Amino acid sequence: MRHDHVLTAKQFSREDIEAVLDRAADFDGPTGGTRHTNTLLGLLFFEPSTRTKMSFETAIKRLGGDTIDMGSIDSSSVSKGESLADTVRVIEGYADALVLRHPQQGAAKMASEFVDVPVINAGDGAGHHPTQTLLDLYTIRENAGLDDLSIGIMGDLKYGRTVHSLAHALATFETTQHFISPESLSLPAEVRYDLDEAGASVTEHTGLESVLPDLDVLYVTRIQRERFPDENEYRAVADEYGIDLAMLDEAKADLSIMHPLPRVDEIDPAIDDTDHATYFDQAHNGVPVRMALLDSLL
Amino acid sequence: MRHDHVLTAKQFSREDIEAVLDRAADFDGPTGGTRHTNTLLGLLFFEPSTRTKMSFETAIKRLGGDTIDMGSIDSSSVSKGESLADTVRVIEGYADALVLRHPQQGAAKMASEFVDVPVINAGDGAGHHPTQTLLDLYTIRENAGLDDLSIGIMGDLKYGRTVHSLAHALATFETTQHFISPESLSLPAEVRYDLDEAGASVTEHTGLESVLPDLDVLYVTRIQRERFPDENEYRAVADEYGIDLAMLDEAKADLSIMHPLPRVDEIDPAIDDTDHATYFDQAHNGVPVRMALLDSLL
Amino acid sequence: MRHDHVLTAKQFSREDIEAVLDRAADFDGPTGGTRHTNTLLGLLFFEPSTRTKMSFETAIKRLGGDTIDMGSIDSSSVSKGESLADTVRVIEGYADALVLRHPQQGAAKMASEFVDVPVINAGDGAGHHPTQTLLDLYTIRENAGLDDLSIGIMGDLKYGRTVHSLAHALATFETTQHFISPESLSLPAEVRYDLDEAGASVTEHTGLESVLPDLDVLYVTRIQRERFPDENEYRAVADEYGIDLAMLDEAKADLSIMHPLPRVDEIDPAIDDTDHATYFDQAHNGVPVRMALLDSLL
């Protein structure tokens with residue numbers, strides 16, 4: 001993938017994914033190096049996402065490189081009316097690759113058309129966030145394998161960009177995907193259509209109970225307060241689509257529970273001390289996966 | 001101290017303190033190195049403290065390592081309702097040690113219970129700030145020695161966390177401590193009690209004059225405007241508990257004047273050019289002391 | 001220039017300038033190194049200027065060094081009332097050189113009087129910004145040479161600090177300078193006087209047309225909305241002192257168009273794909289020029 005742009009998880013073939021995950025496994029652990037000394041990664045976060053930013057920073061620094069951070073847009077040339085095309089063309093002169101987070105869908109693709117260095121999409125609004133998908137896949141593979149897998153994906157399936165990208169990527173493996181959500185937050189018809197087209201094995205549910213015993217992985221997402229007209233309605237849904245220790249009696253002993261974090265109340269902290277809790281490892285996996293991706297691009 | 005948490009100056013024995021100060025002396029000067037290449041220090045400042053942050057940054061970078069900065073909490077997952085326990089467990093996956101500044105007393109101790117990497121308390125509200133104490137002790141030792149020492153500590157002794165930690169630490173050496181403050185800002189009874197219990201030699205005063213001629217070190221602290229009901233009352237106290245060039249006629253020729261900085265009006269800038277001025281050296285000493293501490297932990 | 005302060009472009013002789021530009025040419029390209037490992041550059045930006053900051057960051061990191069950033073002044077000791085003199089004396093203990101951006105004219109000169117490490121002025125209000133001048137000169141030399149040069153400088157010539165410094169520096173070479181602006185934003189009398197004193201060849205115009213065919217370089221600057229009483233007046237002037245593709249029919253085939261960026265509407269994006277467009281290269285040249293300057297100071 002040397003010198004490619006990374007715009008969406010859809011651009012990866014099954015072989016691409018496996019190559020990155022294999023390389024990530026090499027980088028998992030206290031690995032560091034001087035492989036990319038003098039490599040500078042430009043960070044352009046047009047909206048805050050500290051977690052993603054810190055993970056990219058850690059990845060490039062563990063590889064021996066460093067970052068150049070545009071900082072918040074209030075203090076940048078953007079506030080003087082500069083276009084995104086101009087901003088990326090200037091910063092391309094400072095950095096060997098650009099990581100772009102932008103509230104507008106399609107921003108990364110647009111930016112990639114103006115520069116010669118690789119652009120990595122770190123989230124473009126309702127669009128894509130391919131490195132999140134890669135770290136999710138890595139975590140699933142480490143814990144349950146990607147084939148012969150039964151995964152439940154629960155919570156906000158309507159607006160959850162993470163979920164859509166993951167579902168598409170899983171469709172290239174031998175997995176069965178069970179989607180669990182309230183009616184009002186169920187999988188968009190077009191996503192379901194694409195999964196069916198790809199030959200994915202998919203079921204949809206409004207409750208976790210019936211499907212929980214079959215799962216190898218349960219991927220929980222945050223239900224956002226702002227999707228609901230009032231606090232009561234939000235609380236009712238949030239409680240129903242959360243998980244606590246008692247419910248796990250019905251689960252496989254080796255069920256892995258994942259969550260893209262931050263969580264609020266979706267997962268009972270009492271689960272943190274069980275072997276089911278995989279969400280902190282999942283966050284940590286962002287580092288070896290991004291190291292592997294950067295290493296393959298630079 | 002390898003892999004220990006550093007939560008309060010009280011956890012250090014006299015031997016611990018002397019070991020760190022000796023190591024700091026090795027690092028004083030233009031020392032740098034590649035001793036800790038690939039070491040990443042996670043900076044979690046839940047309230048701003050640029051001076052402390054820059055000093056830790058300098059220390060780890062002079063050791064050959066680098067930082068991963070959470071940035072301001074407005075832009076972090078904290079603003080989405082994430083708990084401190086979750087935040088530190090995620091960032092533990094990026095960094096080899098965490099530096100935590102938090103407005104809430106006990107935050108560093110709590111955080112240390114959730115992670116395996118060392119947590120360094122960089123100030124927890126009314127609680128502790130152990131690296132400030134170490135750099136104060138280092139500065140005193142360099143300028144006047146820690147034994148057979150007569151030190152005056154002046155200003156806000158009631159709310160001044162710095163002062164309480166320093167006083168406790170000095171109680172383990174052969175020092176006489178003179179506390180100078182207005183009645184309303186005098187040493188809390190419990191701090192005085194602890195010092196007496198520790199066998200410290202302590203006197204208290206409302207004015208500097210009587211005690212100034214005996215002092216080897218005068219430690220001045222900032223009196224905060226917000227402690228007073230009105231500007232006039234504040235100004236009167238601030239003027240009385242400041243120091244100017246003329247007053248130094250009564251002092252020993254080798255009196256060292258210290259201040260944790262920033263100062264406002266407590267120390268006349270005319271003193272800056274005299275040999276008494278030790279406060280800028282004191283600030284600079286934060287670097288070798290934190291290098292020594294990090295080197296002993298990592 | 002080892003250990004000098006860099007306060008204004010006026011301090012450079014023609015020989016100084018040529019030495020820095022020659023060294024910059026060595027650094028142009030993917031050069032990096034370990035020449036300045038363990039060198040820390042202190043960044044003190046009392047007002048935001050992300051572009052300049054990123055360029056300095058890239059320069060020191062490409063040289064193998066690193067930065068220590070004071071961050072925004074809201075979160076620093078400055079907000080507690082600390083003087084600039086105190087701030088720079090503290091940070092001098094962390095860094096090997098200081099880069100200072102400050103809204104007040106003369107701030108860098110004042111700061112330089114309090115510290116022993118080199119201070120580099122990165123803009124002091126209506127004062128100076130010498131590294132911008134150096135990168136402009138470098139870009140002109142690369143594209144058209146500094147002697148036998150006919151340059152047009154267009155836009156806000158009254159408030160444009162960049163323009164005044166560049167004009168002074170060009171006066172030491174064999175250049176003809178044509179200034180193009182509305183009457184209300186023409187070159188201040190004292191700048192014109194200094195140029196005449198220096199023996200510079202200068203003409204002034206209110207329109208570009210008559211002079212465009214002669215130019216080797218056209219330096220366009222941004223006309224600031226806030227200089228005009230209303231939007232209409234601003235728009236009228238901004239349109240007249242911008243440039244589009246059609247106008248370039250009258251220009252030399254090898255005319256270089258420069259702009260300090262960010263641009264708003266002054267240069268038609270259709271020009272970006274022509275060989276005339278030199279403004280992105282100009283921004284990128286900030287890196288080798290600042291590498292050369294830092295290398296000569298440290």
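Along the chain as shown, the residues are counted starting at 1.
Cβ from N, Cα, C; glycine included.
Pulled from TrEMBL:
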- A:5-142: domain 'Aspartate/ornithine carbamoyltransferase carbamoyl-P binding' (DOMAIN)
- A:Arg51, A:Thr52, A:Arg101, A:His129, A:Gln132, A:Leu261, A:Pro262: carbamoyl phosphate binding site (BINDING)
- A:Lys80, A:Arg161, A:Arg222: L-aspartate binding site (BINDING)
- A:148-296: domain 'Aspartate/ornithine carbamoyltransferase Asp/Orn-binding' (DOMAIN)
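Listed binding-site residues near A:His129 (carbamoyl phosphate binding site): A:Arg161 (candidates A:Lys80, A:Arg161, A:Arg222; Cα-Cα distance within 10 Å). Nearest by CA distance to A:Gln132 (carbamoyl phosphate binding site), out of the binding-site residues A:Lys80, A:Arg161, A:Arg222, is A:Arg161.
Just so you know, the Cβ of A:Thr52 (carbamoyl phosphate binding site) picks up 20 other Cβ atoms within 10 Å once every protein chain is counted.
In the three-state DSSP reading, A:Arg101 (carbamoyl phosphate binding site) counts as strand.
Rounded to a whole value, the Cα-Cα separation of A:Lys80 (L-aspartate binding site) and A:Arg101 (carbamoyl phosphate binding site) is 19 Å. In the three-state DSSP scheme, A:Gln132 (carbamoyl phosphate binding site) falls into the helix class. In this entry, carbamoyl phosphate is bound by A:Arg51, A:Thr52, A:Arg101, A:His129, A:Gln132, A:Leu261, A:Pro262, whose most widely separated C-alpha atoms sit 18 angstrom apart. Chain B comes within the C-beta cut-off of under 8 angstroms for the following of the binding-site residues A:Thr52, A:Lys80, A:Arg101, A:His129, A:Arg161, A:Pro262: A:Pro262. Confidence annotation: the domain 'Aspartate/ornithine carbamoyltransferase Asp/Orn-binding' (A:148-296) carries a mean pLDDT of 94 in the model.
Across A:Lys80, A:Arg161, A:Arg222, which the record gives as binding L-aspartate, the greatest C-alpha separation is 35 Å.
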